[in-house]
Amino acid sequence: MQVVNNVTEFTFLGLSQDPRMQLIFFALFLLFYIVIIVGNLFILLTVFSDPRLQTPMYFFLSNLSFVDIAYSSATAPKMIEDFVSEKKTISYWGCVTQMFTFHFFGCAEIFVLTVMAFDRYAAICQPLRYTTIMSANACIVLASLSWLGALGHSFFQTLLTFQLPFCNARVIDHYFCDVHPVLKLACADTTLVNMLVIANSGLISLGCFLILLASYTVILFSLRKRSAKSRHKALSTCGSHLTVVTFFFVPCIFIYLRPSTTFPLDKAVSVFYTTITPMLNPLIYTLRNEGVKNAMKQLWSRKFSLKEKFKG
């Protein structure tokens, strides 16, 4: 890592330079982060506490909730702290760590969402073989491959970026260490690295998104022959998943499937998939998923009954 030379820290420009806007953003994003943590922890607690939710679908939903907590935690705490800090700095190795964890959990979310689509395809299009296709071992293998694939992606992405020399430029026009804003600071030719970043991040996002769209197209065609009740139940579950997929993948494709150029819109788009989508996931799945709603109602009723028992 001798190419690091004299750069020991970077400075973020953040979302805004206006002190009043920074205070508003501080309150707003602190609220968002609390909702992310509480909402996703509640889903994890609900899934693990209800035996009826010990199915492949909810196994991957719990994976998604864990990923959302870790993924948002890679950027949100530092961003929230910077809103009330005079110096918005991060050390060189802090930047490396943030980029690695952000891409690790971000890519894990992409793969988990893709596996969840496969699970819905198997449940709806192959109902007689579903328990065989999505056995406990198969679920563990698919989840493990998702995490290992994300680890490989993140390691490659971070190594590509930080093997470049950074001379005197230290100001990152962003609120966290992402590939394109950091690459702009490198004092070397980044053409090859840009192409590899597109091939790595951009094509993973696009490829998984196309697989998801193909899965849902097949599912929709298969639903034409089902009863109205079966269609409604399947569409309710798939609708939740498709909403999450759209909110997450479209901004990712916009950011990563293009050369290393930055636009003023990039920071707003990044906020959407780093903070807004992890916050919406628990709401989407609880509001549109009858299984989770019923389990949460029972969890709350047990909690209140225990309170009444202790009071009595």
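Using the three backbone atoms N, Cα and C, a Cβ is placed for every residue, glycine included.
TrEMBL labels come from automatic prediction, so no person has curated them.
Model, not experiment: these values are computed from the prediction.
Going by TrEMBL, these are the annotated features:
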- 39-285: domain 'G-protein coupled receptors family 1 profile' (DOMAIN)
- 23-45: transmembrane segment (TRANSMEM)
- 57-76: transmembrane segment (TRANSMEM)
- 96-118: transmembrane segment (TRANSMEM)
- 130-150: transmembrane segment (TRANSMEM)
- 202-223: transmembrane segment (TRANSMEM)
- 235-257: transmembrane segment (TRANSMEM)
- 269-287: transmembrane segment (TRANSMEM)
Positions whose Cβ lies under 8 angstroms from the transmembrane segment (57-76), at least six residues beyond its ends: 29, 32-33, 36-37, 40-41, 43-44, 47-48, 98, 101-102, 105-106, 108-109, 112-113, 115-116, 119-120, 123, 139, 142-143, 146, 175-176, 237, 274-275, 277-279, 281-282, 285, 291-292
The transmembrane segment (269-287) vs the transmembrane segment (23-45): 3 or more CB pairs under 8 Å: yes
Per Cβ pairs under 8 Å, the stretch of 23-45, 96-118, 130-150, 202-223 packing most closely against the transmembrane segment (235-257): 202-223
Close approaches to the transmembrane segment (23-45) from elsewhere in its chain (Cβ under 8 angstroms; 6 or more beyond its ends): 15-16, 61-62, 65-66, 68-69, 72, 76-77, 79-80, 83-84, 275-276, 278-279, 281-283, 285-286, 292, 296, 299
